[in-house]
Amino acid sequence: LAQSLFALFASSLAISLVFAIIPLCHNVVVLAVVMAVAGLAMGCIDTISNMQLVKIYQKDSAIFLQALHFFVGFGALLSPLIADPFLSDTNCILSNSTANASSNLPHIRKSLVPHHPGNLSHYDLPMKGMVVTRVSYAFWIMALINLPVPIAVFFLLYKERMVPCFNGSSHPLLSADELAMETRPGEKEDLSTTVQRPHAAGGHDDLFSCCQSKNFRGASYTYFAVHITGALVLFMTDGIVGEYSGFVYSYAVEEPLSVVHKVAGYLPSLFWGFITLGRLISIPVSYRMKPSTMVFINVVGVLITFLLLLIFSYSVVFLFVGTASLGLFLSSTFPSMLAYTEDILQYKGCATTVLVTGAGIGEMVLQLLVGSIIHDQGSYSFLVCGMIFGCLAFTFYAFLLFFHRMYPKPPSELDGASPDKAAALDDTGQYQR
């Protein structure tokens, strides 16, 4: 827990520093390095926050994961609204030819339509002159908004007596039984010291325990198959989130729809808005419904939505309806899949790292792939790619269900027929599952 909190503190502080530095970067190489640091920090936060919720709350983690990812979607919806007042409506550099250059922007966009790659015209935009953009303020505002996060994490470290220089007499915010949620009533007082005790290297609660080779000795092939198929499902579904939000605007403004640019600009916001709404709805739903059932509904819903989008590809109204529907079905896929996979693997936290990595790679790779396909084949291939990715996600989920049935059950489930048998406690005082 201490390692995770220190990593969250460093990563969240790095994000504030990166956002403050971005407007000061006047070299593209420096900007690339700064953005890479931001990506590493966000990857750490994503992995550690999901992993710790799974390890702390275990079978109850589905609700907390849905809440976590609701705030992810809420942030993605809110941040463009913060930046919008500071964006320029014209070119950001003033010169004598600025008026002509600004009027040429629609023609430049038209000349880059993938259907006519050989018919390009040349337009000059001013590269030197007085800079009039105020977008720097948006980055600095975001840096300030994020700053309370590392402060709050440091305060939690201090209250939990995990800061080496500040081991005073402060009382912990949470006792160990509140964190573990499953303890024997008579052992609560012993657990209050367990969280504060430094974890032994290589122990079950070590942040890097998943990477140790001894955990893989004697593991069946289904152990690895569950990891791989779960990661492949998220590779496809998170890839769909990335490619749809990235290219739905480009698809809408091209033929046959030819949506007005300003109206088409609402589509990504609508998509992220319904992702956020779906995650909010999923918080109470996950209390009543199994994660496996939720993932099944999500994957089938994505397939049906893409099929209808292909059938009604000439309808602007249905594009908006389909975008909202797709956002709802994709909203809870990640947290539900995470809860389901960790439930199969007895909440070791190892699957979380694999799934988060698979989702991140999918979001990166599928955007590149779809972008190149749209450039070569036209905008209609955008929906065809989505349908293919949805089919693959459903196929991999079917394989996951198959490997779940093949995966050996833990001893506690095999002995479930004897309710009088006391549950064995591990060395941290938690019930073994």
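Glycine is treated like the rest: Cβ placed from N, Cα and C.
Unlike curated records, TrEMBL annotations are generated automatically.
Positions annotated as region 'Disordered' by TrEMBL: 412-433.
Taken from TrEMBL, the feature transmembrane segment applies to 30-49 (among others). Below 8 angstroms of C-beta separation, residues 4, 7-8, 10-12, 14-15, 18-19, 21-22, 68, 207, 352-353, 356-357, 360 of the same chain, each at least six residues beyond the ends of the transmembrane segment (30-49), sit close to that stretch.
The transmembrane segment annotation in TrEMBL covers 61-82 (among others).
Among the features that TrEMBL reports, transmembrane segment is placed at 137-158 (among others).
What TrEMBL records for 221-241 (among others) is transmembrane segment.
For 263-281 (among others), the entry in TrEMBL reads transmembrane segment. Here the transmembrane segment (263-281) has Cβ contacts under 8 Å with residues 66, 69-70, 72-74, 76-77, 80, 241, 244-245, 248-249, 252-253, 319-320, 323-332, 335 of the same chain, all six or more residues outside its ends.
Taken from TrEMBL, the feature transmembrane segment applies to 293-312 (among others).
Long-range contacts of the transmembrane segment (318-340) within the same chain: residues 50, 54, 61-62, 65-66, 68-69, 73, 230, 233-234, 237-238, 240-241, 244, 248, 252, 257, 259, 267, 270-279, 281-282, 285-286, 290-292, 294-295, 297-299, 301-302, 305-306, 308-309, 312, 351-352, 355, 359, each at least 6 residues beyond the stretch ends and with a Cβ under 8 Å from a Cβ of the stretch. The feature transmembrane segment is assigned by TrEMBL to 318-340 (among others).
The transmembrane segment feature in TrEMBL is assigned to 352-374 (among others). Long-range neighbours of the transmembrane segment (352-374) within the same chain, counting only residues 6 or more positions beyond its ends whose Cβ lies under 8 Å from a Cβ of the stretch, are 43, 46-47, 50-51, 54, 114, 210, 227-228, 230-232, 234-243, 246-247, 250-251, 334, 337-338, 341-342, 381-382, 385, 389.
Here TrEMBL flags 380-403 (among others) as transmembrane segment. Sequence-distant contacts of the transmembrane segment (380-403), counting only residues of its own chain at least 6 positions beyond either end whose CB sits under 8 Å from a CB of the stretch, comprise 222, 225-226, 229-230, 232-233, 236-237, 239-240, 243-244, 247-248, 250-251, 292, 295-296, 299-300, 302-303, 306-307, 309-310, 313, 341, 366, 369-370, 373-374.
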**Item:** Residue numbers, six or more beyond the limits of the transmembrane segment (293-312), whose CB comes under 8 Å of its CB atoms
**Value:** 233, 237, 240, 282, 285-286, 318-319, 322, 325-326, 328-333, 336-337, 340, 383-384, 386-387, 390-391, 393-394, 397
**Message:** Using Cβ distances below 8 Å and needing 3 or more such pairs, separated by at least 6 in sequence, tell me whether the transmembrane segment (137-158) contacts the transmembrane segment (61-82).
**Reply:** yes
**Same-chain residues near the transmembrane segment (221-241), Cβ under 8 Å, at least 6 residues beyond its ends** = 275, 295, 298-299, 302, 326, 330, 333-334, 337, 340-341, 344-345, 350-351, 354-355, 357-363, 365-367, 386, 389-390, 392-393, 396-397, 399-400, 403-404, 406-408
**Request:** Sort out the residues at least 6 away from either end of the transmembrane segment (61-82), same chain, that have Cβ-Cβ distances under 8 Å to it, and list them.
**Result:** 49-50, 53-54, 138, 141-142, 145, 269, 272-273, 275-276, 279-280, 282-283, 286-287, 291, 331-332, 334-336, 338-339, 342, 347
